[in-house]
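Novice: The annotation transmembrane segment is assigned in TrEMBL to 33-54, 66-85, 92-112, 118-142, 242-261, 281-298, 310-340, 388-417.
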Amino acid sequence: MLADIKHGGCTICIGIGFVMTEDLHKYWARIRIASFISHLGNGVSSALILLYLANRYSVKFVPIPTASMLLATSIGAICASMLISRFGALKVIIFGYGALALDLLSLSMSAYRGADQITIIFLFTLNGFAAGVTMAPVSVMWSHLGTAGDRTKVFATNAMLNRLGIALGSLVGGFLIGLGNYAIGFLIDAISFFGATIAWSSCRQALREVGHNNQNRTHRYWHNWHNCLISTLRSWQVATQYRWLFCYLVAITISAVPLELASSAGVPTILTQMYTQQEAGLWAAIPAWALLAGNIVARLYPHIHYPGLALLLGDCCVSVAFLALSIHLNIAIAVAVFSIGRFSLSIGTPHLQAFIGDHFQAHDQTTMYALLDGSRTFLGPLGLFSGYYLLSITSASSILLCCSVICIVVTAFLAFVPGIMGFTTQNN
């Protein structure tokens, strides 16, 4: 793993056809810093963004900007492959992070001075597109900074840095929720992405070979929107190489509708109506530390026997936590179950990312990472837009209860798919 490389080495092979020179090793700390600080700010804004919409505007308004953001994230994830093939992964990351920084700065000013709903929807949409564009290239860069045997550690290290930043940011976000100061939270996020953009930009010379190699290996014929859509459809065909992986992607794509409906419409409404701001801050902050703990475990134990079990357990616990909120259980119970789910997911996800890097050809990795990152957002906007209507005819508790049950059923179905528990390479 790159973090364990000692100083003084001449050249170290870290990827397909790429050699890590001392120049890249010198800049490696900046890459880790960029990953950490971007998620530090993200943790702050993620903790307060839904409650900001609910308190400053209305509970019924929450699904509209969040659905627009999720839809834009899906479009960004679809466009990522085309942009990487044309400009290279590193340039896409720098562009996306810079756009996120400017967008969050505008959102901070809007939260401070006040803004109309149209402006908020526009800023959320731009934020979602920039976030969607950057997800796949970041995974691609980390995939090529690791050998076949080390990719789980590489992804676990990346996730560990991310979760550490999110955990610390969530504490700050939870504190700001208690104060009701949302503008400062968005400003912190904007500053963090400005810093991450500078950090990635300073590594352009050292990472140029990775970017060019990736740019040459991806599909160079994706030069228009029609071919971009075709590439998205083709990614599902690529996923059928492993039946359990295809079933998993289909299941989480379908469950995105009730999951996003619950998390963006049901949860903030329940937290606003049934719990105090301090209790809502606990829901936002503590599970982030569980994510960090899971990533540390994944880093220390990169070869677990049943990584799929960790993924399914995590999805199930998240749904049960939503169920606990729907029947108004003590917030400590809901937070504890939710934290277990996030802990389990953070163990299984690096193994799934590493599996893609190890078992798919280089030209298919970009599409698979984009599909994995975007699978929860493809149908998510449908759930969010329906939430605006459902909140007007039924209670948030009923919405949350139904969505939780649906997600639990979908997860139970996945448990019977052959090969998913151990990520087998055989199609049964």
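Every residue gets a Cβ built from N, Cα and C, even glycine.
Heads up, TrEMBL stuff is auto-annotated, nobody curated it.
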Novice: Do the transmembrane segment (66-85) and the transmembrane segment (118-142) come close, with at least three CB pairs under 8 A (pairs 6 or more apart in sequence)?
Specialist: yes
Novice: Looking at the stretches 33-54, 92-112, 281-298, 388-417, which one shares the most CB pairs under 8 Å with the transmembrane segment (310-340)?
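Specialist: Comparing 33-54, 92-112, 281-298, 388-417: 388-417 has the most Cβ pairs near the transmembrane segment (310-340).
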Novice: Counting only CB pairs under 8 A, let me know which of 33-54, 92-112, 118-142, 388-417 has the most with the transmembrane segment (281-298).
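Specialist: Most Cβ pairs under 8 Å with the transmembrane segment (281-298) come from 33-54.
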